[in-house]
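Peer 1: Supplied in structure tokens, the structure appears directly below.
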Amino acid sequence: MHISTIKTAGSSGMSHMNEAYSSTTATEMVARGAGSEIIHTEIDSNGSKELAPNGAQSRVQKPSEDAVRAPYDYIRTLPSKRIRETFIDALDSWLAVPAGSSTSIKSIIGMLHQSSLMLDDIEDDSTLRRGKPTAHTLFGTAQTINSANWVFVCAFEELRQLRGVDAATVFVEELKNLHCGQALDLHWKHHTYIPSVDEYLNMVDHKTGGLFRLCVRLMQGESSTSCHHIDAERFITLLGRYFQIRDDYQNLVSDEYTNQKGFCEDLDEGKISLPLIYCLAGSDPTQIMIKGILQHKRTGEMPLSMKKLILEKMRSGGALNATISLLKDLQDDILEELKSLELAFGSGNPMLELVLRRLWI
């Protein structure tokens with residue numbers, strides 16, 4: 001069938017309208033004043049729309065998605081521990097989210113995570129992701145950005161499957177938080193600004209905590225239990241901090257991270273990580289020297305000798321020990337908060353505790 005809409009045209013527009021009206025079996029008109037011209041929108045039998053300007057025979061066919069999704073499909077094939085999916089399953093033992101909603105939330109969180117990885121690798125100028133070439137080195141920077149943006153839209157499309165009345169609001173709030181946190185991280189790197197530990201933690205609460213909060217808030221909105229209102233924000237905040245600080249630490253000392261991303265890759269990208277903040281918390285000659293290295297670093301890998309020098313200063317100056325000490329404190333705080341949640345929900349959650357303990361350093 002034909003559906004007619006209106007666009008502004010010349011003085012003969014009304015005759016076009018009348019002709020369209022008389023020749024169209026089903027017509028929907030949106031009047032915008034005198035002087036208008038018809039554009040026909042055809043809906044075929046399977047519901048897809050094709051545009052035929054001014055009733056012309058040519059139609060705009062739906063484009064293939066092969067190119068736009070190629071970088072996304074590639075990064076999905078890379079090895080993953082699927083921690084976020086397991087985290088959702090563990091929380092579900094408390095929140096009893098309907099199966100369809102749980103599947104949608106996993107899909108939404110997964111798409112947002114993969115999209116952020118593609119963009120992070122571009123912003124960090126990374127060449128390796130989980131031991132494989134990053135998406136933008138294979139498909140090009142522009143195509144990878146476009147694919148990541150498309151995936152964000154797909155995630156919002158999947159959001160419409162949820163029943164929670166506040167789902168869209170929650171989605172927008174936490175994505176704004178995530179991008180604001182990422183902006184701080186990029187700003188500090190660009191200007192070689194060394195933030196305080198409190199500033200750093202605030203950034204992490206937005207950048208890393210945002211996706212965890214989104215996950216929990218969406219699940220609470222879909223929960224079929226009377227416990228959906230229980231406040232888990234402190235638990236999620238601590239978990240987000242642990243994830244990010246653990247990543248900072250492992251990037252410098254883990255052989256697995258070296259194999260997957262390269263030796264001390266955070267130094268290559270100029271990232272202002274927590275160990276680096278601890279290392280530069282002063283103004284002795286060594287700290288001034290390291291700041292100078294960071295300020296004059298150019299795009300690309302930092303020389304291996306410089307990375308080894310900075311890593312040694314982190315060890316000898318106590319920065320790595322301070323980082324691992326904070327991680328141990330966070331582990332204790334997270335387990336304590338887990339016990340509080342178990343009391344609030346009225347049941348234990350051994351699956352969630354197992355997920356957490358697998359992350360411990």
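Keep in mind that glycine also has a Cβ here, set from the backbone N, Cα and C atoms.
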Peer 1: Of the residues R59, R130, only one is listed by Swiss-Prot in the isopentenyl diphosphate site with K81, R84, H113. Which is it?
Peer 2: R130
Peer 1: Given that Swiss-Prot lists K207, T208, Q244, N251, K261, K271 as binding dimethylallyl diphosphate, which residue among R129, R160, R163 does it place in the same site?
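Peer 2: Candidate in the recorded dimethylallyl diphosphate site: R129.
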Peer 1: Could you tell me which three-state DSSP class D120 (Mg(2+) 2 binding site) falls into?
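Peer 2: The three-state answer is helix.
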Peer 1: Identify, in sequence order, the residues in the chain of R130 (isopentenyl diphosphate binding site) that are 6 or more apart from it along the sequence and have a CB within less than 8 Å of its CB; answer 'none' if there are none.
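Peer 2: Those within reach of R130 (isopentenyl diphosphate binding site), by Cβ under 8 Å and sequence separation of 6 or more, are L78, P79, S80, Q260, K261.
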Peer 1: Looking at the binding-site residues K81, H113, K207, K261, which one has the fewest other Cβ atoms within 10 Å of its own Cβ?
Peer 2: K81
Peer 1: Residues near the isopentenyl diphosphate site, K81, R84, H113, R130 excluded, by Cβ within 8 Å of the Cβ center?
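Peer 2: For the isopentenyl diphosphate site the neighbour list reads S80, R82, I83.
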Peer 1: Are there any residues at least 6 positions away along the chain from T208 (dimethylallyl diphosphate binding site) with a Cβ closer than 8 Å to its Cβ? List them or say none.
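Peer 2: In sequence order, G181, G240, R241, F243, Q244 meet the Cβ cut-off.
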Peer 1: Just counting, how many other CB atoms are there within 10 A of the CB of D120 (Mg(2+) 2 binding site)?
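Peer 2: Result for D120 (Mg(2+) 2 binding site): 18 other Cβ atoms within 10 Å.
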